[in-house]
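Visitor: So that we are looking at the same thing, I have put the structure below in structure tokens.
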Amino acid sequence: MPVFHTRTIESILEPVAQQISHLVIMHEEGEVDGKAIPDLTAPVAAVQAAVSNLVRVGKETVQTTEDQILKRDMPPAFIKVENACTKLVQAAQMLQSDPYSVPARDYLIDGSRGILSGTSDLLLTFDEAEVRKIIRVCKGILEYLTVAEVVETMEDLVTYTKNLGPGMTKMAKMIDERQQELTHQEHRVMLVNSMNTVKELLPVLISAMKIFVTTKNSKNQGIEEALKNRNFTVEKMSAEINEIIRVLQLTSWDEDAWASKKDTEAMKRALASIDSKLNQAKGWLRDPTASPGDAGEQAIRQILDEAGKVGELCAGKERREILGTCKMLGQMTDQVADLRARGQGASPVAMQKAQQVSQGLDVLTAKVENAARKLEAMTNSKQSIAKKIDAAQNWLADPNGGPEGEEQIRGALAEARKIAELCDDPKERDDILRSLGEISALTSKLADLRRQGKGDSPEARALAKQVATALQNLQTKTNRAVANSRPAKAAVHLEGKIEQAQRWIDNPTVDDRGVGQAAIRGLVAEGHRLANVMMGPYRQDLLAKCDRVDQLTAQLADLAARGEGESPQARALASQLQDSLKDLKARMQEAMTQEVSDVFSDTTTPIKLLAVAATAPPDAPNREEVFDERAANFENHSGRLGATAEKAAAVGTANKSTVEGIQASVKTARELTPQVVSAARILLRNPGNQAAYEHFETMKNQWIDNVEKMTGLVDEAIDTKSLLDASEEAIKKDLDKCKVAMANIQPQMLVAGATSIARRANRILLVAKREVENSEDPKFREAVKAASDELSKTISPMVMDAKAVAGNISDPGLQKSFLDSGYRILGAVAKVREAFQPQEPDFPPPPPDLEQLRLTDELAPPKPPLPEGEVPPPRPPPPEEKDEEFPEQKAGEVINQPMMMAARQLHDEARKWSSKPGNPAAKVGIGVVAEADAADAVGFPVPSDMEDDYEPELLLMPSSQPVNQPILAAAQSLHREATKWSSKGNDIIAAAKRMALLMAEMSRLVRGGSGTKRALIQCAKDIAKASDEVTRLAKEVAKQCTDKRIRTNLLQVCERIPTISTQLKILSTVKATMLGRTNISDEESEQATEMLVHNAQNLMQSVKETVREAEAASIKIRTDAGFTLRWVRKTPWYQ
């Protein structure tokens, strides 16, 4: 099957596929219509010459290369493409003498398919060899990084730096060239991110090595911390380079592998957090006098939170046990806290409950450890299999290979057996074990032949190829087993989870592999995490909302399982669940915004205080104690920043890339924090040491840069206006605290309150500054900048007034001056917030008072008569709009029920938007802008009520034909998104709807359902044409958008579309060559279909994201833009 993970391969295969598609259509016309096939000797001769040239270049490369794998894999590709070319030549010769020859037509179609497949194989083999060149450079850097461990003198360090630099430069250049060549955006991003991390870590590595050498040679204190810093940096760089090597070898986006890696890291982190909190939690449970809500109880809540995260990453019985235990222990902890709050902490009931919670925490920890161990074992085995199979392939390619290759295969089989033993599905386990037996027998036979010196015989070569294929199949089976051991994955961002949940709520009877319920569980889990840091009634309120959603979800799932998912009771439950989810979402976002406002009000003070403690003079009192305290504060602060950022990613309005950016920055912060503390401790123990100071500054700046990046991403993830509202409310509360402090003569409390106000005001200035930099709208920039300047001028006077009143807190005059300063800050904050308010539309003036109207009994003058002899023509009747009825099922007709149901839904959607009189949609005034603030139609004309947006082509959706359901589901998903908007005056929506309908048609054609090869090829071309239109229009919108962030998002999404649509044309041609053919294996045909399905899903998802981003960009359009799109909701938000 063709792969096109590089632009070069795609650019070569596209014209080949285009020519093949012409031959396929000719074949079909001859086969179906009986048409004579024209003389093809000239074009076939051209193809033969091109193929001969390709094979010649390939053979020359094979003769000169030292790459054994290239030497092994190229000859079969040569044979394949040459045989295909021979068939084409024979077909052309036979058709020249008999244009109606049936065998010639068969040779034509088989030769065409072979040319496309063989060319793809040749190009892929060449590309893999190029990748291996890059990997060799990467592995050279990896090996040289280990040399850092033996560098112990400054001379060695200088030599090491000189040698490492050129290799790094070469690797960076090769990676940059490679990422530009890739067509998968995810792979490009991963390569760029990993390479950037390696570049950023290089000066840190040199700094860490320098401080290690310095402390070791001077025999100063801190050598242990220096060693930790150096080893951490080497390990981090090695991990990133290994990730580069892994991504370089990918030809498709492996979401499961990426998810498994992140899940393993998350489980390990959760387990470490549980272990660190366990003693504190148990101490609180043992002490009946401990206060409810203090650090001990919070430790229990955090343990349950971390265990819950692990439970969410498990499946089946393991998941139920962990989450069930968490819920039970949470309820029991509530009971213990309640008893202690009532002064009954020492009662037998409270003591018993506390002991049960303590024992339960041990049980829960053991369950989490088992889950983490199982996932890690399966993931490690999977990675080990990949490495061993890679080494085994080299052995299989070398006829004279030694016994080590056989050992690699045996090792891979042993790892695969471990995965099989951990499988919950017996069918999956037996399938893997069966493959192990087959591969073991084949390997033994091949090893015997090689021991006899017959490794180069045709039999041995065939066996080597057979073993290589079987190993690849085994790897696929083990990868699938690891993926299936994890639960259905919900989207990483809030809107994605809501959409997945909504799809399931709308149709709970459809099997979505549990994704919809997983999305709801994910939302509820985030709700619990937010509640854990809240106090009193706020926590109970959020927990109650979570429990309500849980309860309704379970009830709806139960009805669906009993086959009553469409019953009136189920529909009522679905409506309640929708409302409860909306309520939960709003409450979670409110709580998260408040937490971000509090935690991110000041991100750098703790690390600055740590720097002050680390540079304290040697004779400073309590120097060590102060440092330890500030180091602990810094670590706690960093942990809070990370936890809050994760909540913002999960509950905010961020897109997938922002969420992943937050997760990456949080991970980096967690890794860097202990390294910063180690660097600070080295400086503390080596006062005046310049190398120690420079190293600490390097680590500190890296931490600050990462946190600034995290802060920016968090700000992107939440609504700016909501953050400003929350900050304004927090400043009001701080002012109230200051009033209390002045009334109670508490200067320290006053200073704390004033400091908090200043920090929050500065945070607002930072947010405003970022938004000004992000916008190109001059009016908005001027308004925000003016309000920010005014706020900036109020901060210093307030701080000065606070200092004055703290020095003489009883002075009423000073108190009044301070409060006036505080209120001035509040007023300035309000003006900043108002600058972010969307402009209200200018409403028409109200009608005049009826009493002022002058009404008389005088009749209006008669109309002038028509010119003599003319008769007015009768008014023609309005064109009758037909609502075609959906075809009913005939008696005895066997239909595809899911397909019929999907088509009925689309038909009903079409009828909703009919403007036919009497239709309920027409009565509510479809076409009127639904949003009260008119945000969705800024700058666009409001359509008339009578405007018709009916689309009869929706009824062309297939009804009873066999279809490919995944492609249809992708088309429906895009169609649902597009039908939220009227297509009148909006070419993007019109093109998106066309694409959805065309893709639904393709879903019928790919299985050969009453369609033709020509129809399939033409359908793909039409989809590509509509794709180009969507891309062109999206780029026009991006050009006029004043919001840089939204513009970038839109361009990133829409630029994926042309590549995917080109691939769709090629894959459709491949599939067309297989339709109606009996000499194609089921496996080959299914593989072609799977690739087509995956491509269709990617295309529909990219267009859907483009529609959303284009709508967001249209709100921020230039006022002088000549290019406009009209965004009018068809379904008002209030319905």
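Just so you know, glycine gets a Cβ as well, placed from its N, Cα and C.
Pulled these from Swiss-Prot:
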{"type": "COMPBIAS", "residues": "861-877", "note": "compositional bias 'Pro residues'"}
{"type": "MOD_RES", "residues": "TYR538", "note": "phosphotyrosine"}
{"type": "MOD_RES", "residues": "TYR823", "note": "phosphotyrosine"}
{"type": "MOD_RES", "residues": "TYR1134", "note": "phosphotyrosine"}
{"type": "REGION", "residues": "2-836", "note": "region 'N-terminal globular head'"}
{"type": "REGION", "residues": "742-765", "note": "region 'Interaction with ACTN4'"}
{"type": "REGION", "residues": "837-879", "note": "region 'Linker (Pro-rich)'"}
{"type": "REPEAT", "residues": "259-370", "note": "repeat '1'"}
{"type": "REPEAT", "residues": "371-480", "note": "repeat '2'"}
{"type": "REPEAT", "residues": "481-590", "note": "repeat '3'"}
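Help me see these features in their spatial surroundings.
Guide: Following the DSSP three-state reduction, the secondary structure of TYR538 (phosphotyrosine) is helix. Other C-beta atoms found within 10 angstroms of the C-beta of TYR538 (phosphotyrosine) number 16, with every protein chain shown included.
TYR823 (phosphotyrosine) carries a helical DSSP state (H, G or I).
Per-residue pLDDT, averaged over the region 'N-terminal globular head' (2-836), rounds to 87.
Non-local neighbours of the region 'Interaction with ACTN4' (742-765) in the same chain are 597, 600-602, 605, 724, 727, 730-731, 734-735, 788, 791-792, 794-795, 798-799, 802, 805-807, 809-810, 815, 818, 822, 825, 828-829, 832; each lies 6+ residues outside the stretch with a CB under 8 Å from one of its CB atoms.
Taken through DSSP, the repeat '1' (259-370) splits into 95 helix, 0 strand, 17 coil.
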Visitor: Can you grab the distance from TYR538 (phosphotyrosine) over to TYR823 (phosphotyrosine)? Cα atoms, rounded to a whole Å.
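Guide: Distance (Cα to Cα, whole Å): 28 Å.
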Visitor: With helix taken as DSSP H, G or I, strand as E or B and everything else coil, how many residues of the repeat '2' (371-480) land in each class?
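Guide: Here the numbers are 95 helix, 0 strand, 15 coil.
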Visitor: Once near-sequence residues are set aside, which residues in the chain of TYR823 (phosphotyrosine), 6 or more away, have Cβ atoms under 8 Å from its Cβ?
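Guide: Expected: LEU735.
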Visitor: Going by DSSP assignments with H, G and I as helix and E and B as strand, what are the residue counts for the region 'Interaction with ACTN4' (742-765)?
Guide: 21 helix, 0 strand, 3 coil
